[in-house]
Each structure stands twice: as structure tokens, then as C-alpha cells.
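Notes follow the structure.
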């Protein structure tokens, strides 16, 4: 029997519909504990070094997140990355097993396929972002932009390169991994597993309507690619490149790290990126013969032995005088 990615939980012999609910509770508890530990560490640091943790204190007292501050950036992005160990340990406890089923139909993260997606992502994002800066921004009256290097620029770039891949991967394992397979275990058609997690993914971002639509387009496309390719690899690559690029550009002043609004032009750019990336990824998957479903053969029947076909058991001779 063949199982698409969103139905992989049902390929586990011990699957029960309610187990994913327990997994969510366990994962939420693990995430809460880890978040508290990290928060306490940062709070202690704010008391010991108030000058260094100045903007982080604003987060604590005013609820204002300033991602241009390295300490606040590390806390905000690192906190989201904690979703990854939370979902991994919760799945190890409750199943399905093997754990690698969260990654792909192969039961593991397909590193070779992930590596093939990287140049595709770099090409698409590079071309579209380049056109955006060179053509769209001048036409909109924004004018040419030039990098701004400050005392925190290189620290922010280093943090973006280290933490953003973890943050983006964590979101993919939760929203395109766990949630897709949870819904796919309940509802067979892939559209449910692709679309239903999107609102949860979108509301996790503090954006206006245009920004939420932008995030939703990304979420739908990433989920479709996950289903179409049988794994998270293509979605992880797109998410990592997207977020890392935006954070690095923000570190040099070419984008606003604290932007909470989108625009029709930004929505168009995201749409172009996702359409082009999806087309090239699917083409590469078809050309490489990528396996996109998990095939389980039914157990072989136990042979039935005809007792009548066995030779008679020879009885030992008995001594009649005994």
C-alpha cells in the first residue's frame, strides 16, 4: 500500500487518531519548559549587564520587539527554534516511528535531495529579490538603497546565519510536518492537510492583512511542495533562504527588521518566487525520479501445514509381559 506524505502517520501499525493530540500536549509542555529556561537566562543577563541587554529590557517592560538589537534578535528567533526539539521529543514519546517519517516518505531527511533544492532556491530568490531592488523599488519611488554598516551589523549577520536555519526548520517540522500528518491521519484528501494548518502558521506572525496574505501564500506553497515531493526538504530550503536573506538584508539596512506590514507589491514578489521555485523543484524531482510515497507491502500469509500430509508417528514397542 502506498502512503503520501500527509498520510504517513497511518503507515505506523500502532496508529491511533488520538495519539497526535497527546503529542501536541507533550510538545507544548516541552516547548514551554525550554522557553522558560531560555527566558530566565536572558532575564538574569539583563540584570547583570543592563547596558548590553537594554533593548531586551524594553521587551520585558513594554512588550516591544526590536530585532535590530542582537540580544532581542537572539531571544526572539532562538525561542521559535525551540519548537524543533519540542516536536522531536514529543514524537519520540508518542510516535509515529521511525521518527524520520516526520521528514519524508523515506523515513529520514533526504540530504541529497535537499542539496539539489539549494541552488534552485538561491537562483530564484536572487533573481526576484534583485529585480525587486533594481526595478520595483525605483518604480515605486523608493529610490536606490545603499547598505548601512553599524556596530551591530556583523553580529546580526552571524546570528541570522546561525539561528535562522534552526528557526525556519522548526516551523516546517511543526506546520508542514506534524500538523500536516495529524490532519492527514484524520482526513484523506491532501487539500485538508495543506490548507488547514495555514491559518495557525499565519497568525503566528504579527502582520497586517497584506503581510498575513503574504505568509499564507508561502505556507500553502510550502505545504503543497511537501506533499508533492514527499518530504520537508524543499520547504525547508525555501524557508531558510527566505528568512535568512531578509534578516541579512535587514542587518545592513536594506530592509526593515521590525516591519509588521506588507504590501500588494510584496505579495506579488512572494507569489512570483513561490511559483518559480515550485516549478523548478517539481521539474528537478521528476527528472531525478524522486520517490514521493511510502510503499508498505502487506505481510506474507503464514503457511498452513496440512497435518494429514505428515507421516504417522511411530509408536514405541510395549512389553506385554510388563
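Cβ coordinates come from backbone N, Cα and C, glycine included.
TrEMBL entries are annotated by machine, without manual review.
For reference, TrEMBL has these:
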DOMAIN    155-244  domain 'CAAX prenyl protease 2/Lysostaphin resistance protein A-like'
TRANSMEM  21-48  transmembrane segment
TRANSMEM  71-93  transmembrane segment
TRANSMEM  113-136  transmembrane segment
TRANSMEM  148-166  transmembrane segment
TRANSMEM  178-203  transmembrane segment
TRANSMEM  209-227  transmembrane segment
TRANSMEM  234-253  transmembrane segment
TRANSMEM  265-285  transmembrane segment
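Here the transmembrane segment (234-253) does not touch the transmembrane segment (21-48). Their Cβ atoms form fewer than 3 pairs under 8 Å, with each pair 6 or more residues apart.
Listed by sequence, the residues of this chain that lie at least six past the ends of the transmembrane segment (21-48) yet keep a Cβ under 8 A from its Cβ atoms are 56-57, 60, 71, 75, 78-79, 82-83, 85-87, 89-91, 93-95, 178, 182. Spatially, the transmembrane segment (148-166) is not adjacent to the transmembrane segment (265-285); fewer than three Cβ-Cβ distances between them are under 8 Å for residues at least 6 apart in sequence. Taking pairs at least six residues apart, the transmembrane segment (265-285) and the transmembrane segment (71-93) share fewer than three Cβ pairs below 8 Å and do not count as touching. Counted over residue pairs 6 or more apart, the CB atoms of the transmembrane segment (178-203) and the transmembrane segment (209-227) come under 8 Å in at least three pairs, which marks the two as touching.
Long-range neighbours of the transmembrane segment (113-136) within the same chain, counting only residues 6 or more positions beyond its ends whose Cβ lies under 8 Å from a Cβ of the stretch, are 145, 229, 231, 233-234, 236-238, 241-242, 245, 254, 265, 269, 272-273, 276-277, 280-281, 284-285, 288, 290.
Within the model, the domain 'CAAX prenyl protease 2/Lysostaphin resistance protein A-like' (155-244) shows a mean pLDDT value of 96, rounded to a whole number.
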